[in-house]
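Written below as C-alpha cells is the structure these notes are about.
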Amino acid sequence: MKWEESKKGYENYLKLEKSLSQNSISAYINDINKLVEFLGENYKKTGPEKVKLQHLKKFVEWLNERGVSPRTQARTISGIKSFFKYLLIEEKISSDPTALLESPKIGRKLPDILSMEEIDQLIDAVDLDKAEGQRNKAMLETLYSCGLRVSELVNLKLTNLFFDQGFVK
C-alpha cells in the first residue's frame with residue numbers, strides 16, 4: 001500500500017464522512033506528511049501497513065528533537081491516530097500501531113493576571129462623569145473583587161446579588 005493512495009482515501013473520508021473543514025483536513029494531512037518525512041529519512045520503504053509502535057515512538061522523539069511543543073506533538077499524534085483508525089476501519093491494516101502510543105502530558109496554562117497597580121490604573125481610567133462610567137467601574141470592581149470571569153459577570157442577575165450579606169452568588 002502506498003502513502004499517497006492512503007492519504008487520498010483518508011482525505012476523502014475526512015471530507016465526506018467527518019464533514020471537516022478544508023483547514024482541518026489540511027492539518028490532518030500535514031500530520032501524516034510529517035510522519036512520512038520521518039519514515040523516509042530513517043526507515044526506507046516503510047508503507048503505512050508496515051508502521052510499528054517503535055517507529056511511532058521514534059517519530060515522537062524526532063518531533064521533540066526539532067523543538068516541537070508538547071501541545072503540537074499531542075495534536076500531531078492525534079491526527080496520526082485518526083489516520084491509522086481510518087486504515088483499520090477500511091481494513092487496509094489488521095492492527096492499529098497507535099493503540100499504545102502515548103501523547104505528551106500537557107499542563108493547563110494558567111491565565112495571565114493583572115498586578116494591583118494595573119487594576120488600579122484600569123479603574124482610575126474610567127470616566128465617572130458619564131452614566132456608563134459608573135456602570136463600568138462597578139463591573140470592574142465586581143470582576144476584580146469576586147474573581148469572576150467576564151462571561152460570569154455578563155450573566156449575573158440581580159437575584160445573584162445579596163447586598164445585605166455583602167456577597168455575590
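Counting begins at 1 with the first residue displayed.
Backbone N, Cα and C atoms are what each Cβ position is placed from, and that goes for glycine too.
Per TrEMBL, the features are as follows:
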DOMAIN    1-88  domain 'Core-binding (CB)'
DOMAIN    109-169  domain 'Tyr recombinase'
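Counting residues per DSSP class in helix, strand and coil order gives 70 helix, 0 strand, 18 coil for the domain 'Core-binding (CB)' (1-88). In the domain 'Tyr recombinase' (109-169), helix, strand and coil residues by DSSP number 33 helix, 4 strand, 24 coil.
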